[in-house]
Amino acid sequence: MSGQGPQRRLLGSPNATSPTTPHFKLAANQTGPRCLEVSIPNGLFLSLGLVSVVENVLVVAAIAKNRNLHSPMYYFIGCLAVSDLLVSVTNVLETAVMLLVEAGALAAQAAVVQQLDDIIDVLICGSMVSSLCFLGAIAVDRYLSIFYALRYHSIVTLPRAWRAISAIWVASVLSSTLFIAYYNHTAVLLCLVSFFVAMLVLMAVLYVHMLARARQHARGIARLRKRQHSVHQGFGLKGAATLTILLGIFFLCWGPFFLHLSLMVLCPQHPICGCVFQNFNLFLTLIICNSIIDPFIYAFRSQELRKTLQEVVLCSW
């Protein structure tokens, strides 16, 4: 894709150079504004991708190993790990192939490179869509477990969870294929941006509602213990901080990428928007960082999963 769209690293992009250290660069055209461009070294990009791969492989292995983790909640977490794993693997693969082509170690015709790039882009886009979907699915699952605790196991059954998981993967593959095929069409870009906004709003509404319920529960306990003010205030600050971190990381890691897509629709030729387009590889790096952070937010907080993870790591040595 061009510099105004999601860049195809194999075919060249404004950031497709090979710096050895990250740096900030001010670039200016004769008729345009001075732009702050953040160059991401290929070594750093590959290293972050490999860290994400290792983390998410361990999460998937731990869930597969421990039968106590074979429940809808952990299946959603496992699928999120698979999605993040695919995000990292496909980006690392694309960067590695790009470096081989640039170094002359991989000789291929332009048509072959184009086809390979299309396949990798479909995988990247599909894994991103599925990752967002499973973040939303985890939020819905947690919401149901709190507000429908007595009926939760009859509502969220394994067959229903597997149907939801299958639907998410199918929808992700189809939507990513359409996106890569018609990425220049405004309607496709608007659909992707709208999808991100919908996921952000869904997660914000559900988690804020869950926080309100938890604070209400804490007030009830505080009344019984006659320490209402201190307990309620402490819990409120802790809950608000957790919610801010969860939604803040989601927005900071995914927001720039979808801002990029929004500007492709709103101002594809504007010089200031062009400054944003030049940092597309930085936005991809933020998504890789999100894949690294997700296991700490959703998986590693589980004591059962951490225990199984230790067993997996010890068995591998």
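Cβ from N, Cα, C; glycine included.
When the topology recorded in Swiss-Prot is consulted, Asn68 and Arg215 turn out to share a side of the membrane.
Looking at Asn15, Asn29, Swiss-Prot tags one of them with N-linked glycosylation site, and that residue is Asn29. Within its own chain, the transmembrane segment (241-266) has Cβ neighbours under 8 Å at 4-6, 128, 132, 135, 186, 189-190, 192-193, 196-197, 200, 203-204, 207-208, 211, 273, 276-277, 279-280, 282-284, 286-287, 289-290, 293, 297, counting only residues six or more beyond its boundaries. Annotation note: Cys315 (S-palmitoyl cysteine) sits in a helical segment as assigned by DSSP. Of the Cβ pairs linking the transmembrane segment (192-211) with the transmembrane segment (119-140) and spaced 6 or more residues apart, 3 or more are under 8 Å, so the two regions touch. Residues 1, 5-6, 75-76, 79, 118, 121-130, 133-134, 137, 189, 191-192 of the same chain lie 6 or more positions beyond the ends of the transmembrane segment (164-183) yet place their CB under 8 Å from a CB of it.
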